[in-house]
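Chemist: To start, I am sharing the structure in question, which I have written as structure tokens.
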Amino acid sequence: MISVIGIDPGSRNTGWGIVHEVSGVLHLVCCGVIQPSCNGSFAERLAHIFQEISSIIMKYKPVEASVEQVFTAQNPLTALKLGQARGAAVVACANQGLLIKDYEATTIKKTLVGHGRATKEQVSFMVGRSLGVKPDWPIDTSDALATAICHLTIRRFENRTARVAKTL
């Protein structure tokens, strides 16, 4: 069994999801969205993201993390804030000793849907199908779960490829 936390970072909404894989079958453990108060300073929001991710990791004990990479925003300040929120989440994972993998949004979409330009709705649908549940969660949560599923899928493929290579 392997347990992964997927994270869709954001300074206002950080989606997260824990997925277990047992014998190639994916199971949803828990998921949600971290929403720091907009009343506090930006540094307080980052601290909140760090603390919440740390608490989630301590509670659910994932051993690996998959984090969506920052897209290139048109506004440099937005990109900077998104990068800082992502950094808070990554440091929380690293602080707990998790192996961390980064994935571009197009890679996540291609892995789940089959093409890198999939809509949020298509990704959410495939997340639900992959986990055997009806997707009734926010988009940030869906994106985080998609990140975890992408990681588990790529990991499974790499493990199989390595086993085949050893036999050659």
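Note that Cβ sites are derived from N, Cα and C of the backbone, with glycine treated the same way.
Pasting the feature list from Swiss-Prot:
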type: ACT_SITE; residues: D8; note: active site
type: ACT_SITE; residues: E68; note: active site
type: ACT_SITE; residues: D140; note: active site
type: BINDING; residues: D8, D140; note: Mg(2+) 1 binding site
type: BINDING; residues: E68; note: Mg(2+) 2 binding site
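Tell me about the setting of these features in this model.
Modeler: Counting only same-chain residues at least 6 apart in sequence, those with a Cβ under 8 Å from the Cβ of D8 (active site) are T14, G15, W16, E68, D140, T141, D143, A144, T147.
In the three-state DSSP assignment, the secondary structure recorded for E68 (active site) is strand.
Neighbours of D140 (active site), defined as other CB atoms within 10 A of its CB across all chains, total 23.
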Chemist: So how many other Cβ atoms are close to E68 (active site), meaning within 10 Å of its Cβ?
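Modeler: 24, counting other Cβ atoms within 10 Å of E68 (active site).
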